[in-house]
C-alpha cells in the first residue's frame, strides 16, 4: 500500500471536515462568540448560549416558556423581554428570550406541549421578515418543510401565542405575523388567544401591545392552568461594583461596542454588532433658512470592507445628548456615581447583558440606553414600587393603569423617562430604583437608518447622508422634542465647520467618542442592504416621487444615470417629482439637478412642487396628476415607479393618485387601475422606501 503524501492527507482532512460540517450544520464551530468578548460576562452565564437545539436549551436552562423575536430596530426584542418579565413576575413562568437566528427549527415538533412558545415578529419593508428572522420564515413557510420526528400533524405538540409589529401605510401590513401564524396552524400548532397586531403607522404600537397582552395572558391561564400571583420585581441582572478599577483602567469600556474597539484595533466585518468608525469627509447645510436645518454629509468608508449599492441604507450609531444624560443621572440619584466602574451579570443563564462590561454608569446611559425615547406606561407601572413617596407612587400607578390619563400627561408631550420622574416626583430623587430595572426597562440605544443619497457607481467609497434635523414643537411642552441622531449629526457638522465646542440648541455630545477615539470628526456606521433599487436595465424609464428628504435615494439614482451617460451608456427617461416649502429656502440640490440636466438632456425631467410659494398649497401628488399623460406613457414602456418619504400621507395619496391616473388614461374602472398598481408592487415595478 502506497504511503500517503502531505497533499493526500490535507485533501482527506478537508473532505472529513466538510462531511462533519454538512451533517452537523456547523454546530461544533459555528457558535457565535459573545459580541462583547467580556471575560466577566462569560463567567456569568453568557456561555450557556451554545446549543442551537431549542429543546436542549429549554431543558438545560429549566425553562417552560420561550419567547422568540424577529426584530429590526429593537422594538420587537423589547416587547419580547417585557413579556418574559411579566410571565415570570405574574405567573412564575420560567421564561427565556430568544433571537430567532440563534436556533434551528427542525425540532419545533419536539417541544413538549406543557411548554409555551411565543413569537414577537416585526414586518420589515414591503412585507419582508427582519434580518434575524429570514431563515426561520423561509423554513416555516416552505411547502416542503420537514421536522425531526415525523409526527402527524407535524406541530400538533406546539402551543403558541403571537404578536406582530407592522405599519398600516405599507400594503403588506403585519404580513410576517399573519403568514407565520397561518403556517403554524397549517402544521397543526395551537394558537392561544388572538394573534396581536401593533400599528406603528397609526402611532398606536404600544397601546396595541398592551390591549393584546392582557386577554392573551387570560387565555394562557385557562389553557395552561397558570396561577397568577402578586407581581414582584425580580432582577434579571446583577450589578457588581468593581472597586479595583477606575474609568481610566484599560479594561473598562467607556462606550466602545466590543473588545476590538476597546483594544483600539476594530476589524470587519462591520455590521449591526460592530460599527465602522468612519471619517466624515465633508458636511454642509442644504437649507438657507435659520430655523430649520437639513444636512448633507459624506462619510468615507475607504478604510473598511464596507460596500454599498445605490438605494441602500446607512446606519448611524448616535450618542445621547449630555443634557439628557445629566437629567437622567440627577433624577435617579446617580450623578455622584457616574464614573464608578460596575459589571453587569445575567442572573439567569439565558439572559444577555445588552452591552460590554466592566463599564461605568455614565457610559451605559450615554452610549447604550434609549433614554430620550418616549416612555411606555407599562414601565411606569413597574417603577411605581420604587417611588420616593406615596403621592408619587399613586401617580405612577395611575399613569401606568389609565390609558387616557397617561396620554394626557405623558404621551402627547413625548416625555422621556427622566422627565416623567422629575414631574411625578416634584423634584425628589428616585434613589430606590434598582439600576437593573432601568437596564431591563429601557430599550437599547439603536442605530438610525438613512437612505443613502450617493451613487455607488460614482462614489463606491463615499456614502452621502441627507437628513433634516428633527425637532417637533408640541403644545404644552416648553422645549421642542429633538431627534437624537440628527442633532448629533448637526453637532458633528458644526465641529467640522470650525465650531470648537458645538452645542446645537444647547445640546452637547461626546463628539470625540470614548477615550477620544473619534478624533478628526468620525461617526460610527454600518450599511444595511435594501431592495429599493434601480432597474438592472439602464434603458428602462424611471418615475421618482421624493418630497423633502425623500429625494435622498433619487439623488443617488440620478447621479448614477448621469455617470452611465458620461460613460457612453444609453439610459432611459428619468422623471423626478420633488416637493418642498419654498424654492428660495429648501430646494435641495438645485444646482446638482442643473448639472445632471446638462449631461442627460431631455432624458431627465425635474417636476417641482413648492407648497408655500403660491396662493394654494401644491404637493407632489398634484404635480403627478398634472403629468398624467406622460406618466401613463412611461408606465406603458414598463417604467419603474419609486416613492420615498412620508408613509402616512404622501405615499398613500400617491398610491391612490396613480390608480386614478391609470383608470383615466386607459379608460378603465378605478378598481382596475388600483389592481394594476397592486400588480406593479407585486412585480417590484412599484417600490417604496417610506417612514412614519
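Using N, Cα and C of the backbone, Cβ positions are placed for all residues, glycine too.
According to TrEMBL, the protein has these features:
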TRANSMEM  6-24  transmembrane segment
DOMAIN    65-217  domain 'Flavodoxin-like'
BINDING   71-76, 122-125, 165-174, 200  FMN binding site
DOMAIN    273-521  domain 'FAD-binding FR-type'
BINDING   292, 549, 611, 612, 617, 618, 619, 620, 621, 653  NADP(+) binding site
BINDING   448, 449, 450, 451, 466, 467, 468, 483, 484, 485, 486, 691  FAD binding site
Predicted model, mean pLDDT over the domain 'Flavodoxin-like' (65-217): 93
Shortest C-alpha distance to residue 71 (FMN binding site) - which of the binding-site residues 292, 448, 468, 617: 448
Residue among binding-site residues 125, 170, 619 with Cα closest to the Cα of residue 484 (FAD binding site): 125
Maximal Cα-Cα distance (Å) across residues annotated as binding FAD, namely 448, 449, 450, 451, 466, 467, 468, 483, 484, 485, 486, 691: 17
Top Cα neighbour of residue 611 (NADP(+) binding site) in the set of binding-site residues 170, 448, 466, 468: 468
Cα-nearest neighbour of residue 173 (FMN binding site) within the listed binding-site residues, 292, 448, 619: 448
Alpha-carbon distance [residue 450 (FAD binding site); residue 619 (NADP(+) binding site)] in Å: 23
Among 122, 468, 484 [binding-site residues], residue with fewest other Cβ within 10 Å: 468
Residue 486 (FAD binding site) versus binding-site residues 74, 122, 125, 167, 617 - nearest by Cα: 74
Cβ neighbour count within 10 Å of residue 466 (FAD binding site): 24
Residues that sit under 8 angstroms from residue 125 (FMN binding site) by C-beta distance, when 6+ apart in the chain: 170, 530, 531
